[in-house]
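Notes for the one structure printed next.
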Amino acid sequence: MDKLLERFLNYVSLDTQSKAGVRQVPSTEGQWKLLHLLKEQLEEMGLINVTLSEKGTLMATLPANVPGDIPAIGFISHVDTSPDCSGKNVNPQIVENYRGGDIALGIGDEVLSPVMFPVLHQLLGQTLITTDGKTLLGADDKAGIAEIMTALAVLQQKNIPHGDIRVAFTPDEEVGKGAKHFDVDAFDARWAYTVDGGGVGELEFENFNAASVNIKIVGNNVHPGTAKGVMVNALSLAARIHAEVPADESPEMTEGYEGFYHLASMKGTVERADMHYIIRDFDRKQFEARKRKMMEIAKKVGKGLHPDCYIELVIEDSYYNMREKVVEHPHILDIAQQAMRDCDIEPELKPIRGGTDGAQLSFMGLPCPNLFTGGYNYHGKHEFVTLEGMEKAVQVIVRIAELTAQRK
């Protein structure tokens, strides 16, 4: 465990922020740097079949150390960090034996406060790794990477009985592209776990059904003084569209299993406006209903426009709820829950109000629920992780490998 923190700090020092709207995968050069570093480390550890694809998927195998027909299982994390917040020059702060109260983030006015983040009350006495208030931390998902790498080392050093353990590190998870180029056949695992969750005990096998909605609005601009009956203001049409979207079904108004509509961006002029929404819902029927709602709104607002002015709406599904695939293999969840209990952790099954590579992989034939990392407040400057939580994640990964080896 002594190298766990060292690994984590090493990984977060590399800027691996992914970039949306880029065709190439990985979308940024920084991701390649971390992938090559990990490849080198896996080879130094003696893993076999270490491969790095042209699309930036790194795979390796820790061979079984016991005989018998033991299922090969996998552990997966992603190397990129969110485009939502800078990941350049990350300067972690280590707060040992947290005693409560606000934590100053760097030398500015930013603080990590239990008033805003009450979970801090549960972490007294622990070692917290925070940002300096200028960047994100990168625990999502470099904590997961450090935990998998450390678990591999523990399995080797302590000679713990295990079957074949596959590991994979993927790019561009944060922009929804990482799993699209994942070779499930080459990975050759019966099932896997992404290590990409939050607080200790979290075990997730349900995620949103997700879609993106892009709306193009073409208006007509003339001088405002002579605009009557001629001007069609694309921005006004955009405002009317958003006014029709249920205001109480937005991210800031929903929780748990509730879905939402989220206006992620809006820009434009009188002549042309563009809106980008994301739609999320756990229930497939409600998900489809939300997409129909957006089409109905666009049709309603666009009714009666001059032929040269129009509203164009494109909906694209991003990923689906993996629950339907994972529940077909209940032992995957049973093993994870037993592993947690064996490590004195009470499993907390909760829905992911987001998505992971595991969601897409589950529909590609690799059932893949999500394990905790010990991190909190992802995608922003208040992100932090606890060293104790990371250590617990390592213990759970090791125990899952051990329990799977007993399923002969």
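Using N, Cα and C of the backbone, Cβ positions are placed for all residues, glycine too.
Features reported for this protein in Swiss-Prot:
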- His78, Asp140, Asp196: Zn(2+) 1 binding site (BINDING)
- Asp80: active site (ACT_SITE)
- Asp140, Glu174, His379: Zn(2+) 2 binding site (BINDING)
- Glu173: active site, proton acceptor (ACT_SITE)
**Item:** Asp80 (active site) as reference: those binding-site residues from Asp140, Asp196, His379 with C-alpha within 10 Å of it
**Value:** Asp140
**Lowest local Cβ density among His78, His379, which the record lists as binding-site residues, within 10 Å** = His379
**Fill in**
For Zn(2+) 1, residues beyond His78, Asp140, Asp196 with C-beta within 8 angstroms of the site's Cβ centre include exactly Ser77, Asp141, Gly144, Glu173, Glu174, Thr194, Val195, Thr356, Asp357, Thr373
**Prompt:** Using the Cβ centroid of Asp140, Glu174, His379 as the reference point for the Zn(2+) 2 site, which residues of the same chain not in that list have Cβ within 8 Å?
**Reply:** Thr81, Ser82, Asp84, Leu136, Asp141, Tyr378
**Message:** So, three-state DSSP: helix, strand or coil for Asp140 (Zn(2+) 1 binding site)?
**Reply:** helix
**Glu174 (Zn(2+) 2 binding site) - helix vs strand vs coil (DSSP)** = helix
**Request:** Let me know how many other Cβ atoms fall within 10 Å of the Cβ of Asp196 (Zn(2+) 1 binding site).
**Result:** 28
**Item:** Cβ neighbour count (within 10 Å, all chains shown) around Asp80 (active site)
**Value:** 29
**Complete:** argmin Cα dist to Glu173 (active site, proton acceptor) over the binding-site residues His78, Asp140, Asp196, His379 returns His78
**Prompt:** What kind of secondary structure is the residue listed as 'active site' part of, going by DSSP in three states?
**Reply:** coil
